[in-house]
């Protein structure tokens, strides 16, 4: 049972499988904050349902692969959990989405999660010989996983163009990096290239995202304090909290004095 879940004869497989499940568990629950916001606003706003429809398809695809291959319980357990979570996200989205977005989501769901998955199941069971099913289905999972990992390229391009990391979730990128390492090790120890190779791409793109975050992130706020005088003048105004690069310091202590000064504060390079 090389792919067993808690098979202590293969501790490396066990540890990597358990680590992959724990980290992927956190990744699947990452959108909870998004849907709490949707619940408070009673609207999906500008959020798209595509990531959740795609994630559901990925989960059912890997469940099918684990069942065909057998002895792949870590893959089976985490993707069964992911399947339930993503389905719940989609239902929640449908409840609060406007009519047009709801119809679009249903179209994506039936096209990808129902029709495409049913086609893959039919071809695998009816058109592929038994001894080639694992290889065929693994190739499908490999191709789809690589396509999913390449998807963050749009975010990377947006960060480079805008020089802003507003739309780059660093915590999720970090978890995806750890997840890619854990599942790469699991695929390596179980000699499963269809699990191992996609996570090479996942690790690479996650590291690129984290590198861009630390390169383009904005500096923390700085305190600007006016100098004091010893000529008996009124005390200076309190320190001003700086949020941008330029602040205006009002001469509150001497309203009849010269006009306000504009001081440019250049943050230190990070």
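First residue shown is number 1, and so on along the chain.
A Cβ is built for glycine as well, from the same backbone N, Cα and C atoms used for every other residue.
Note on the transmembrane segment (12-38): residues 2-6, 44-45, 47, 51-52, 55, 73-74, 77-78, 81-82, 85-86, 89, 92-93, 96, 169, 171-172, 175-176, 178-179, 182-183, 185-186, 189-190 of its chain, located 6 or more positions outside it, place their CB under 8 angstroms from a CB of the stretch. What TrEMBL records for 12-38 (among others) is transmembrane segment.
For 50-68 (among others), the entry in TrEMBL reads transmembrane segment.
The feature transmembrane segment is assigned by TrEMBL to 74-96 (among others).
The feature transmembrane segment is assigned by TrEMBL to 108-130 (among others).
Per TrEMBL, the feature transmembrane segment maps to 136-160 (among others).
Beyond its flanks by at least six residues, the transmembrane segment (167-189) meets 10, 12-13, 16-17, 19-20, 23-24, 26-27, 30, 74, 155, 158-159, 195-197, 199-200, 202-203, 206-207, 209-210, 212-213 of its own chain at Cβ-Cβ distances under 8 Å. Per TrEMBL, transmembrane segment is recorded for 167-189 (among others).
Residues or ranges marked as transmembrane segment in TrEMBL: 195-216 (among others).
Beyond the transmembrane segment (195-216), the same-chain residues lying 6 or more positions past its ends with a Cβ under 8 Å from any Cβ of the stretch are 75, 141-142, 145-146, 149-150, 152-153, 155-156, 159-160, 163-165, 168, 170, 173-174, 176-177, 179-181, 183-184, 186-188, 270. Of the two recorded stretches, the transmembrane segment (136-160) lies close to the transmembrane segment (50-68), with three or more CB pairs under 8 Å once pairs fewer than 6 apart in sequence are set aside. Remote same-chain residues near the transmembrane segment (108-130) are listed as 49-50, 53-54, 56-57, 60-61, 64, 68, 90, 136-137, 140 (criterion: CB distance under 8 Å, separation of at least six residues from the stretch ends).
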